[in-house]
Amino acid sequence: LAEEQILSGFGNEHVSEDPRCPGALPEGQNNPQVCPYGLYAEQLSGSAFTCPRPTNKRSWLYRILPSVCHKPFKPLEEGHLTHNWDEVEPDPNQVTVPERAPGPARRTGLHTLCGAGEPRGRNGIAVHIFVCNTSMINRCLYNSDGDFLIVPQQGKLLITTEFGKMLVEPNEICVIQQGMRFSVEVFGETRGYILEVYGAHFELPDLGPIGANGLANPRDFLVPVAWYEDRQVPGGYTVISKYQGKLFAAQQDFSPFNVVAWHGNYTPYKYHLEKFMVINSVAFDHADPSIFTVLTAKSTRPGVAVADFVIFPPRWGVADNTFRPPYYHRNCMSEFMGLIKGHYEAKEEGFQPGGASLHSMMTPHGPDADCFEKASKAKLEPERVAEGTMAFMFESSLSLAVTKWGLQTSNQLDKNYYKCWEPLKSHFNPNSATEPRK
């Protein structure tokens, strides 16, 4: 898709109509008695009607047939998709899946790794890995439970939505918000990560003393333009609903991507991670990783997120008299790490693109022994950090449980993960505070 076919801006009030039907948007009102071209007006609400204006999300869609025209939903096999966090006993240990998304590529490729909360109460998250090599033909999905933040790791995704098409490649992300119907075309084996959030929408983090500019800039978020297909599929189009953690399927006779025009501020969007403007220390010490937050889904507690999406992009390290890799840490948040490409700076071995790790609430973690020794003795000169690499973190204030599939069924767990810290040795010398390390 050419860049000019995309609208820009985060949370903007956008207006779009397919150029094949100029004037498809009603003038001056949302719901005229008769819409142009004989279209149906349909509102998609992403917030309560009475939310304050800054958080009120909705879009009006002008479509050939309304979404209500479908047969009844029937239960569908969920596979390894789950929201049951009590399948196995809690495990506070550091957890890692060292390499690729496990299992053979398959059409129904959502595998739930961990999560917390539940969609009925509209408070919680889930982390999934997707693996697929087959496009969704005459099938679409919408998530009644919450938003999907999709992080491709291998392979391109051509995502068709009710708002238009988006091509999403590795090192890009996209967000499909609650209730939006979408279908995915893939090109060969494709895999990646999904952060699902129910109860809140993603927004840009507040910048505070950083000022008006920096981190992920609003103009770099891209929204598709209106595109419709007037296609009949007699009895053969499947609409899949993810509802209360389960999957259901309904049949209809036409493509759901029949929206000729739309306007509003509730849309899917994508973002290229190379656009992120990195903030870093230029004097001493290691700044907290919150400076790398791309998107946040806020909780009701000020400053506390249900979920943050954080990246660790290429950047300059220049801090003096400083241990530059990530510091050792125990956190009141849960930290799920993934790797899109390259290697992670705090663990260069055994953590490959497509892998993942979970450091649970208050479980200690930090650089492995090799990383610590190397960084402690390194000559501190300006250096490029994480060149050719893109690691990310889903961070949450919720205490995440790992699924039975993640711990057992996948058979991909690295049971020796803890051993990367075993070679750490004491350098303590009570007779000298300044003796150089041997």
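Just so it is clear, glycine is given a Cβ too, placed from its N, Cα and C backbone atoms.
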What range among 1-27, 28-54, 406-432 does TrEMBL describe as region 'Disordered'?
1-27
Counting each residue once, how many in the region 'Disordered' (1-27) are helix, strand and coil under DSSP?
3 helix, 7 strand, 17 coil
Taking the Cα atoms as reference points, how far is Tyr344 (homogentisate binding site) from His365 (Fe cation binding site) in Å?
14
Cα separation, His286 (active site, proton acceptor) to His365 (Fe cation binding site) (Å, whole number):
16
Measure the Cβ-based neighbour count of His329 (Fe cation binding site), defined as the other Cβ atoms within 10 Å of its Cβ.
13
In whole Å, how far does the CA atom of His286 (active site, proton acceptor) lie from that of His329 (Fe cation binding site)?
12
